[in-house]
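Participant: A single structure is presented below for examination.
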Amino acid sequence: MAAASSVSSPPLCLAGRVAIVTGSSRGIGRAIAIHLAELGARVVVNYSTSPVEAEKVATAITTNCSKDAEVAGKSPRVIVVKADISEPSQVKSLFDEAERVFESPVHILVNSAAIADPNHSTISDMSVELFDRIISVNTRGAFICAREAANRLKRGGGGRIILLSTSLVQTLNTNYGSYTASKAAVEAMAKILAKELKGTEITVNCVSPGPVATEMFYTGLSNEIVEKVKSQNLFGRIGETKDIAPVVGFLASDAGEWINGQVIMANGGCLL
């Protein structure tokens, strides 16, 4: 019988691969960065405004992730890079730094960086300035990152572009107009890019989480609304970041190669 530790340890299916995870200093991005590292990837933890939190993620990866022989000698396992994904020059530098430090092309891009309206304004009440900022980070940023990845990811197998979306694109809840619009554009762009990358063996997919217990989710919501959201889920709870990270890990692995140009919904059954 195999030892218990061998059962609980994830296979190092991403050993030798380099992954950039934008917006990975906190929330879903943080969980994804740690999970990809657990699968053997060397990871770029990207942040824009949270350096302390980003360094904590890097420390968690360095301290807790496998020292297996498959990844031994490939040091460092993780680096922290500041970049505003809405700025093309900073995204280019993000990829440059990954290639320089890891001495390898990037294999995996996960675009998790995003912002939302903390006041949950209606479309009629939202300022143009806030709308522009949300589109700049969520849509323009996803475009800039995906464009850079399309030109620089390893071809011929193992290349993955994974963009985070939201179940709001399907539910069309009021008071989330700008955020929903920004992510609907990302889903359309991902499908088109998948077609444009035909023949490269680079896959492009979206992961569309339902409500997940993050700071961004809870901001501006009353306890009454949170309880209502829980009741709408078949599990009777809010999703957690650990529910989303393995979905991304699967898409990033060789096992997920046949999934391409898709929007994968991960919401515990709150949307059927």
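Using N, Cα and C of the backbone, Cβ positions are placed for all residues, glycine too.
Annotated transit peptide per Swiss-Prot: 1-53, in sequence order. The NADP(+) binding site annotation in Swiss-Prot covers 26-50 and rests on similarity to another entry. Annotation source Swiss-Prot lists substrate binding site at Ser165. Taken from Swiss-Prot, the feature active site, proton acceptor covers Tyr179.
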Participant: Taking the Cβ of Arg26 (NADP(+) binding site) as the centre, how many other Cβ atoms fall within a 10 Å radius?
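Facilitator: Its Cβ shell of radius 10 Å holds 19 other Cβ atoms.
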Participant: Please classify the secondary structure at Glu38 (NADP(+) binding site) using three-state DSSP.
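Facilitator: DSSP call for Glu38 (NADP(+) binding site): helix.
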Participant: Could you check the binding-site residues Asn46, Ser50, Ser165 and say which one's CB has the most other CB atoms within 10 Å?
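Facilitator: Max Cβ neighbours within 10 Å, all protein chains included: Asn46.
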Participant: Check Asn46 (NADP(+) binding site) against DSSP and tell me helix, strand or coil, would you?
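Facilitator: Reduced to three states, the DSSP call for Asn46 (NADP(+) binding site) is strand.
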Participant: Could you round the CA separation between Tyr179 (active site, proton acceptor) and Arg30 (NADP(+) binding site) to a whole angstrom and send it over?
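Facilitator: Cα of Tyr179 (active site, proton acceptor) to Cα of Arg30 (NADP(+) binding site) measures 20 Å after rounding.
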Participant: With Ser165 (substrate binding site) as the reference Cα, tell me which of the binding-site residues Arg30, Glu38, Arg42, Asn46 is the closest one.
Facilitator: Arg30
Participant: What are the non-local neighbours of Arg30 (NADP(+) binding site), defined as same-chain residues 6+ apart in sequence with CB under 8 A from its CB?
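Facilitator: Once residues fewer than 6 apart are set aside, Arg30 (NADP(+) binding site) is near Ser24, Glu53, Val57, Thr241.
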